[in-house]
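Colleague: Provided herewith is a single structure, encoded as structure tokens, for subsequent inquiry.
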């Protein structure tokens, strides 16, 4: 009986432990794409994400940042939000002017493409970190570090001259510091509070198997599709029993139109060795009840297996106690 109790306790601990979901962080990432066809034609568009959710967009044809979620303003007042948008309008105008001046000064050839990635991440305890990176023609050239601009190791030589000019602009450097160190963490904290119900949502994946194009004579390409899950982190592997198949090739995690995600994982095998293979899916929404699909059509859930084991153990425990109680009653009758 002691062994049976131990097994029951161990199984319960395993079930509870597997349901734990690690704490997620939600960085705010703002992406700016600026195109300069020549000195007179330019276009700048922007997007922003909080974690995996797109929250804002900014079209070149508009002076207003578009909110894509009901909670995209966070806890900012209307006045704070308008002030922030005014700063962005001034920034966009200044950025366009400065790039044209640098192109002339450094004799850069049009067309020019620049990308800016900036934002911050708030950690428990109100600690935060931030970033501001600039790329030219698709390659990182500089970033804002602490109180000044610094070149990347791969930056062309002319970037050093541009940085000398940028670092002389004290007002701009102080504004960037204020936005990254103060405004951004405050804004993100408000977004996390206002959008917490959507940010913490869990959507269970759906999974199915199919056969891909034949990789060669006598071989099969097994495909495991996983779709409709949120949040993005997911674990998908082809298995033989409990042994992971090292040949598993996961694809990119792609977005669905409903803000969930899709992934497929393939395995190239000899046709005669496909029997006994399965695809296992782990995701936080499943709470430890992994999806397992067997090649050939059968389906099971590791959670259901665990529940079945617990039910059997509980049944045996009840039977054991009942039997022991009857024996004790019988002994008392004899005495």
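Using N, Cα and C of the backbone, Cβ positions are placed for all residues, glycine too.
These figures come from a predicted structure and were not determined experimentally.
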Colleague: Given that Swiss-Prot assigns 169, 170, 171, 172 to the D-galactosylceramide site, pick the one from 98, 252 that the record assigns to that site as well.
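Modeller: Swiss-Prot lists 169, 170, 171, 172 binding D-galactosylceramide, and from 98, 252 it also lists 98.
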Colleague: Under the DSSP assignment, what numbers of helix, strand and coil residues are found in the domain 'Ig-like' (185-292)?
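Modeller: Going by DSSP assignments, the domain 'Ig-like' (185-292) contains 20 helix, 49 strand, 39 coil.
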Colleague: Measure between the Cα atoms of every pair in 98, 169, 170, 171, 172, the residues the record assigns to D-galactosylceramide, and report the largest value in Å, rounded to a whole number.
Modeller: 15
Colleague: Just to confirm my parser: what is the rounded mean pLDDT across the motif 'Internalization signal' (331-334)?
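Modeller: Within the motif 'Internalization signal' (331-334), the model's average pLDDT equals 49.
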Colleague: Have a look at the binding-site residues 98, 169, 172 and say which one has the shortest Cα distance to residue 38 (N-linked glycosylation site).
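Modeller: Smallest Cα separation from residue 38 (N-linked glycosylation site) among 98, 169, 172: 98.
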